[in-house]
Amino acid sequence: MDRNRQLLLVIGVLFHFFYLWSIFDIYFVSPLVHGMDHHKSTWTPPAKRLFLIVGDGLRADKTFQKLTHPRTGEEKYLAPYLRSLALNNGTWGISNTRMPTESRPGHVAMIAGFYEDVSAVTKGWKENPVDFDSFFNQSKHTYSFGSPDILPMFAFGDGVVPGRIDVCMYGHEFEDFTASSIELDAYVFHHLDELMHNSTTNATLNEELRQDGNVFFLHLLGPDTAGHAYRPYSAEYYENIEYIDRKLEEVIPQINKFFGDDQTAFVFTADHGMSDFGSHGDGHPDNTRTPLIAWGAGVKKPIHLQDVSNLEEQLLKQSPENSGFESTYFDTWELDHLVRNDVNQADIASLMAYLIGANYPANSVGELPLGYIDADPVTKARALYANSLAIVEQYFVKEQEVYNHQFKFKPYSPFEEKSIQKYQQEIESLIDQLEKSGSGSKDEIEKKVIAKIEELMKTTLDGLTYLQTYNWLLLRSIVTLGFFGWIVYSFNIFLKLFVLNEDELKIPPEFSVTLVGIFGALAISINYLLFYQNSPFNYYMYAAFPLYFWYTILNEKKYLITGIESFLHGISNTTKFLIVVSFIGMYEGIAYGFFERVMFSIILIIIGLYPLLVHGAHKVSGLMKTIWFITCLLMCTFTNLDPVKIESLFQINVGTILALIVSIMGTKQVFKRTQVGPIQKQLIIAQIAIIPIILFATNISVLSLQARTGLPLYSQILGWITFIVSLIVLPILHFLNPSSDYQLRLLIIFLTFVPTFIILTISFELLFYVGFSLILLQWLSIEELLKFSHKDLVETFEKTGKLPKGYWLQVIRITIIGFFFLQLAFFGTGNIASISSFSLDSVYRLIPIFDPFSMGALLMIKLIIPYVLLSTCLGIMNHQLEIKKFTISTLIISTSDFLSLNFFFLVRTEGSWLDIGVSISNYCLAILSSLFMLILELISSVVLSGVEYNSDGTKLDFEPISYRVRKRKVT
């Protein structure tokens, strides 16, 4: 491999991996600090113990609203007991979670009061215990029951007091999506009952259970499992909620009877919700709205709206429109007559700490929700003040950390205007007044002190954000220079690899002492600055790339200028302008398409017209132009369909029939025009024969799973056999008996992936696969007709020693269209705006037991298949244009980061969690597109190894005209 190509690959991979992570280092750095003193929530705890009950994946609306049961048709409340607690015994509201709406971040927020950065979902669960303080760690002892994915992460770790947290959990084999999810929750209730029963015969255990400050954590995974498997509107999901409600109605009185002192507090909530699609992770309201009900010792009883003094203000506060809900969201809840107390999920940790008098978790940023507390004004004020001091403690530690590593530190201006000490003096003075005041003025003073404490908390949290983003300007400038540097640097390598001739490259760049001195001084200065700021290793890499890129660019500017002249040789200024407009238009259109998929439809229509507009359009027949335009119109259908798909056996069967028809017709055409050996014929017939077999297995699996009878073993085995044979065994046999015809090779690749798509599709994905294959095949044919003929290339080369004028224009066009198809391969069936657009329904046909890595691998295979088709197409394009391997992909790589740069500046840290999540996902997908191009044509070089092109009888590893031009002597 050429040294420049090796350099491009190595540096390209490193650059994109490091810069992929840059948004997390800049925008989403965890505010985690260590070394704070603890602050006790209250010296007069109202409860001796607390039960935290978490319904994993439980939506707020399904918990409270009246619903029609899908199995019985009865209109009912699914959780009448929990509703009765909200109506008669405690306080209720909506707990608003943050993105990512996954189990680990959700539990960390409610138990530690801390929002992990977005990268938390990459840390796993059991294998990565939380590395910060938690409410459990501040309890006397915690007894936890439930899932092996959740319990261990709080029970182990450097900061956990050994032996403080007990875990009782089932094995992973219990998490079977085709079995009853109720069994998971039954396990929890059974073992809680067993624990209390054992204490009657074990005096030591009995004494331990009755200690003040104990916590009992019941993690109920059933709703999440049922929601994933059957959707949150299914009978299974509803029945799981009903089961939890019935068991709580039994268990709560038993708990009160067991302890016999009415000193138990209860909190019922969820870690996240569940989308209608049966997934979670993004910021959709169905995922972020969870129920919260608290009752028992220390919790305020329900307050009727008619009893509040500021009725108008309260009505305005909890009206759907003013509190961020749809106008009809609460319509059937029949809780409108009660005060609703909504909280942020991290506030739950502060509430629980107060109820049993524990220290606030050291890293908690939650605010004690006073609406849930039944206490006198002074107690509430002191508890909230202690809460604020715990947050102030974090600010002091973080400020010192930043101050120690800055040449010149600029303090947070609001605390310059009014110091924390001043806030403390005012608050303590107001609390003293509150203690001494009479009943007449107490309410007014209480409002003042609470407002002052909340002001301190908000200012402190804003101050923490200020400290977190202290070096934003420097880092964003470095990363921006890095992106622009990479774009120019990689384009320069493209020119050296594919455009400049060898004699031009033999003249080395002149050594410039000035240039070395300038960049040497810059490197020393930036590295010293980063060292002084105690920056992590990643920061040094962010700075190293732009320094290297821009030094190389300026040092090799002669290559860049000469190469651009050769690349644009013979292209008019008007055409150059149109090229720039096309590049900008395509990349900006794609960027907009990340938010509105309809833009991909508009671009497809424009691409459908391009054979009419380009030079040489007369070479393409009217019939081919018409078929091409119709195909582009049909492909628009997929980018307008809802990416959140519902399983449809009808669409699966229709897609399979279409794939079978295309397979048979394609086979007949290839057999007619190509001499195919007997072994290859048998293998292709076997590939086609597998299609109805795997369709049969898929139908059996889908019908059984939809009927809730589980996954039949024989259909699972048949599915795996056909999956492995079609994807692994038959391709290997083809490899052992290779064909040199490129159309036959394309047919084999198409047939290889049809069975995989059948068993892993839930809706229209197979139809998209067939359409995408056909549009790529037509694109190949059109570009073959539009290219310079081999004869013209040879004649021009022999006369001038150069390529024809405008030769690279077709490469530019293919690059623009190819990058669009790279995005279409994903957006044709998916939408990055919703993590929930990836369904697990299909993988249940092969893996019914919860196994995130295996399930994720199957989904990745399904996502990668269209890219393999595209890589094969680009590989053949290189040959058709008689250019070297990797020419097209290298040009795409050098320009595609304009899209990444777009999304780097569109990353959001404020607004809805859906918007924040989308901005992160967009950036990651854009930068991975560039990285993925490095892999695509490597794949094509493997799958097209030894293929011959019939028009000139040469192989794909022939020496193309463009390469002979590069080797000519400079005259």
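Just so it is clear, glycine is given a Cβ too, placed from its N, Cα and C backbone atoms.
Considering the side of the membrane named for each residue in Swiss-Prot, ASP503 and VAL676 coincide.
Within the listed segments 151-171, 214-234, 886-906, Swiss-Prot records transmembrane segment for the stretch 886-906. The stretches the transmembrane segment (478-498) and the transmembrane segment (683-703) are not in mutual contact, being linked by fewer than three Cβ pairs under 8 Å (pairs 6 or more apart in sequence). In terms of DSSP helix, strand and coil, the topological domain 'Cytoplasmic' (555-574) has 14 helix, 0 strand, 6 coil. Residue with the densest Cβ environment among the glycosylation sites ASN89, ASN137, ASN198, ASN202: ASN137, by other Cβ atoms within 10 Å.
For the transmembrane segment (9-29), the residues of the chain that approach it from at least six positions outside its boundaries are 117-119, 468, 472, 475-476, 479, 482-483, 486, 490, 536, 538-539, 541-542, 545, 548, 893, 900, 904, 907, 909, 920, 923-924, 927-928, 930-931, 934, judged by C-beta separation under 8 angstroms. According to DSSP, the secondary structure content of the topological domain 'Lumenal' (704-716) in residues is 7 helix, 0 strand, 6 coil.
Packing against the transmembrane segment (620-640) from elsewhere in the chain are residues 593, 597-598, 600-601, 604-605, 607-609, 611-612, 764, 767-768, 771-772, 774-775, 778, 781-782, 785-786, 824, 827-829: each is 6 or more residues past its ends and has a CB under 8 Å from a CB in it.
Counting same-chain residues at least six beyond the ends of the transmembrane segment (646-666), those with a Cβ under 8 angstroms from any Cβ of the stretch are 277, 687-688, 691-692, 695, 698-699, 702-703, 706, 747, 750-751, 754, 757-758, 761-767, 769-770, 773-774, 839, 841. Mapped onto DSSP classes, the topological domain 'Lumenal' (769-813) shows 34 helix, 0 strand, 11 coil.
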